[in-house]
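Each remark here refers to the structure printed beneath this line.
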C-alpha cells in the first residue's frame, strides 16, 4: 500500500496483549523492595542518636550557621554595639589589626565587633545608619597582582557591580600592601573611593600600610589619628580606660578524650587520617615527599628540588600555579618556650571567645595541647608587634624590663626607635624576648592568644602537569642567617623541608600538608606565541614548568613559538640550577635562546638586567613586532623594578615613543596579560 506521497508502507497484523505482564509485576515488586530497604538503612545510618565525629572549625561557620548569622546588623543591634571592623586578610595581619581596633573602641564608648565580609551579607551596610553613632572600619589587604583577598572577593565584586545607597554610613579604611609591588594598596584605595561614591561619609582619611617598611608603625600612627577624628566627628571623648581585656578565656580540657583533641589539623578533626577531596586552605592534602635533592653543586648555601606526590588525590594544577606548604615550628624553639615559662606543654586546653556573638569561637583549633599550639598553629619566629609588647608589661617583675616594654609599646619617637632597633633590626622573636627579658613570665594561655597564626608558605610550581600530572615540583632555597645578636634564625618551612628526605620503599615516606593556589601567571593560549622569561635564582622555578609544557607540545608535533630565557646566579660552577635540563632544551630547539649572567664569575658584577639592556633589539622584536609575552619572576624590591624600567626604555627607543607613550604601551601589555610578574620581597 502507498500513502499520499507515494511512499510504500508495510502493513502489519497487531495482536492485542495485556498492558502489564506477570514479568512486569515481578520486576516492580523487586524494585519497591530494594528501595524500601535502601531507604530505611540510610535513615538508620543518619540517625541523630548515632555518634558523630567531634569537630571544631575555628575559622568558618557551617552553611546553616552562615545563613542565619550573616546579618551583622542584627548582631550589632542585639548586643548594643555601634562599631564593626571588617577585614580582608590573606595572612592574618589584617584580621589582627581589625581585632585591635575593635578592642580599643571601648575606650571611646564604642562597643565593637570584628567581622569577616565573607560571612556577612554586606548589603546590610545600607542599614548602618539605623544605629546611632555607628562606624564601619575596613582593614583591607591587597594580594597578588592587585587582587582582593579570598575572603573579601565577594564584597569587592558587590561594590563593583552594585549601586547601593550608602548615605548615612560612616567609614574609615586602612590598607595593607607592599610598595615593592606595582599595585600598592590598590584594593583598599578602590574600596575607600567606591564607598564615598555610593554616598558614605569618610570619617578619617585612608591609611596605607607598607609591609616592605614597617607596617606596624604605619598602622599605629594611622590608628591614633583615627580615634582623634572619631572623637571630633561624634563629639565624644576618650574614657582613658586601658583595654587590656582578654578576648579568649582559658578552658581546662584535661578530661577530654584523646580522640577529640586536635593534633595539628587545620580545621577538621582527624582530617589527616581521613582525607577528603576537595583540598584547599582549610583542608590541605597530606602529600608524600617523593624526591628531595640538592641543586647547588658547591658552596655554603642550599637550594632544594622537592617533588610532592599527588597521585590519587584528585588534585589538579596548571603551569604557573603555586603550592602552599603548611610548616611547623622546630621542637627546639617550642621546648625553649616551655622551659622559659616553666610550663607543662602537654597539658590539654582550649581558648573560648568571650564574645558569644563572634563566629570565631577559637583562635586556632581547640582543644589541643600547648605543644601542638606552639608547633602547628602559632607563629613563634616572626618579629612580634607592639601590642604584644604592651600586653607583656604586666608580666614583667623587673622594673627595667617593664620600662623597656613600655617604651617599645609607646608611639613616641624614642619608643619607635627602640622597637625598630631591638625587635626589627636585631630580628628578635618571642623566644629571644623571653630570653633577654628574663623577668617576663606571661601565662602560656595568654601568650597563645597574643601570637599570630602560623601561615602556610607559597612556592611557584616548577613543573608542568602535562609532563608530571601525579607530582608537584618546587625549587626552594634553605633560609638560615645569623642575627646581630649572634643567633641563627632559620626559615620555618625550608628547614622543615630539608629534613623530609624520602627513604626506601619499605619505610613510610615523609609527608607534609599542601594545597594548590591558582595563579594568573599563565602561558599564552597559543603555543606559537613567542615569550621572554626573566627569572634569576629561584625565579627560574615557574619557567621550568613553562619550558616543559612547550617541550611537550613540540614532541606532539605542534608548532611552538620562540622561548627566550634570562637566568642569573652567583657562580656557574656553584649555583647554576637545572643546568643540564636547560642545556638539553637548547639542544633540542625548545629553548630558542638562553642568556646567562653569573654575577661573581668576573671582577665586575653581571646581572640579567645588564643582558636585557644589551639585547634591546631582541626584546623589541618579540614584545613589539611579534606581540609576544614577557614574564618576570623573582625579587620585587630591585630586580623586577629594574626590569620594568628597562622595558619602558626599550619601548621608547625601539618603538620610537615618548616616555608617556611607552608607559602606556607597557601598561596595556599588563592589561592584556602580555606582561606578567610573579614576584616577592
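We count from 1, first residue shown onward.
Heads up, the Cβ atoms here are built off N, Cα and C, so glycines get one too.
Cβ neighbour count for residue 184 (FMN binding site) (all protein chains, 10 Å cutoff from its Cβ): 17. Annotated FMN binding site per TrEMBL: 89-94, 141-144, 176-185, 211, in sequence order.
The annotation NADP(+) binding site is assigned in TrEMBL to 301, 538, 599, 600, 605, 606, 607, 608, 609, 642. Remark: residue 607 (NADP(+) binding site) has 536, 568, 597, 599, 639 as non-local neighbours, by Cβ distance under 8 Å and separation of at least 6 in sequence.
Sequence annotations record features per position, and here TrEMBL assigns FAD binding site to 475, 476, 477, 481, 491, 492, 493, 494, 680.
The domain 'Flavodoxin-like' annotation in TrEMBL covers 83-227.
Sequence annotations record features per position, and here TrEMBL assigns domain 'FAD-binding FR-type' to 282-524.
Per TrEMBL, the feature transmembrane segment maps to 20-39.
Between the alpha carbons (Cα) of residue 141 (FMN binding site) and residue 680 (FAD binding site) lies a span of roughly 15 Å. It is 19 Å from the Cα atom of residue 491 (FAD binding site) to that of residue 92 (FMN binding site). Per DSSP, the secondary structure of the domain 'Flavodoxin-like' (83-227) breaks down as 65 helix, 35 strand, 45 coil. Between the binding-site residues 141, 477, 493, the minimum number of other C-beta atoms within 10 Å of a residue's C-beta occurs at 477.
Residue pairs drawn from 301, 538, 599, 600, 605, 606, 607, 608, 609, 642, the listed NADP(+) binders, are separated by up to 26 Å at the Cα level. Cβ neighbour count for residue 475 (FAD binding site): 23 (other Cβ atoms within 10 Å of its Cβ, all protein chains included). If you take the CA of residue 181 (FMN binding site) and look 10 A around it, you hit none of the binding-site residues from 301, 475, 477, 493, 605, 609. The separation of residue 493 (FAD binding site) from residue 92 (FMN binding site), Cα to Cα, is 18 Å.
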